[in-house]
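To start, the structure under review is shown below, and the notes come after it.
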Amino acid sequence: MESQEPTESSQNGKQYIISEELISEGKWVKLEKTTYMDPTGKTRTWESVKRTTRKEQTADGVAVIPVLQRTLHYECIVLVKQFRPPMGGYCIEFPAGLIDDGETPEAAALRELEEETGYKGDVAECSPAVCMDPGLSNCTVHIVTVTINGDDAENARPKPKPEFVEVISLPKNDLLQRLDALVAEEHLTVDARVYSYALALKHANAKPFEVPFLKF
């Protein structure tokens, strides 16, 4: 990013935004040049992407972790596969979407889950607003965990709305290996949130890493 000569103000290490200049705006996103003060008192600029749809809610959208529970079956994580033009190919993701004006994150999560997968569930927990790619955008989401009763009649044959997505259910206890297999077979990309979740499951169930003894 561009930088300018240091100013005489703000030499105490505090960083803050000075100004934001609109460069280009489309229907869904806009590009801005953000001018800010770095810890040394130098004025710098940063190119930032922001959504045009943000309202008064605390986050732009929701990402749903749907846990499908059925009697005598392993728990499964319900994912969606869809074509993403910016990636130029297919991606595996959590069901997700923007929060409508006046809608709670929990309500948005249940709505998006049903629209994309056809499943109906119950909210187990909802995270605070968390950032997604802070080096590029100010976009934030609530991560909402939803449990799905697979024994319920309404979830026996879920009917998602036609959104050009494929619903994939993978065993929770083998999620990372199944994702790696799909990547190798279909040459798609896994969303970082999904892969991080799979890695966390693996690490949580694995033996602690051995720390080698130091030799003196």
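In case you wondered, yes, glycine gets a Cβ from its N, Cα and C as well.
According to Swiss-Prot, the feature phosphoserine maps to SER3, SER10, an assignment based on similarity to another entry. If you look up Swiss-Prot, you'll see TRP28, TRP46, GLU47, ARG51, ARG84, LEU98, ASP133 marked as substrate binding site. Swiss-Prot lists LYS42 with the feature SUMO2 cross-link. Taken from Swiss-Prot, the feature phosphotyrosine covers TYR74. What Swiss-Prot lists as Mg(2+) 1 binding site is ALA96, GLU116. Taken from Swiss-Prot, the feature motif 'Nudix box' applies to 97-118. Sequence annotations record features per position, and here Swiss-Prot assigns Mg(2+) 2 binding site to GLU112. What Swiss-Prot lists as Mg(2+) 3 binding site is GLU112, GLU116, GLU163.
Taking the C-alpha positions, the distance from GLU112 (Mg(2+) 2 binding site) to GLU163 (Mg(2+) 3 binding site) comes to 11 Å. Here the C-alpha separation of ASP133 (substrate binding site) and ALA96 (Mg(2+) 1 binding site) works out to 16 Å. Considering only the binding-site residues TRP28, TRP46, GLU163, TYR74 (phosphotyrosine) has GLU163 as its nearest partner by CA-CA distance. LEU98 (substrate binding site) and GLU116 (Mg(2+) 1 binding site) have their C-alpha atoms 13 Å apart, to the nearest angstrom. The CA atom of GLU163 (Mg(2+) 3 binding site) is located 12 Å away from the CA atom of ALA96 (Mg(2+) 1 binding site).
Note on the motif 'Nudix box' (97-118): DSSP counts are 13 helix, 2 strand, 7 coil.
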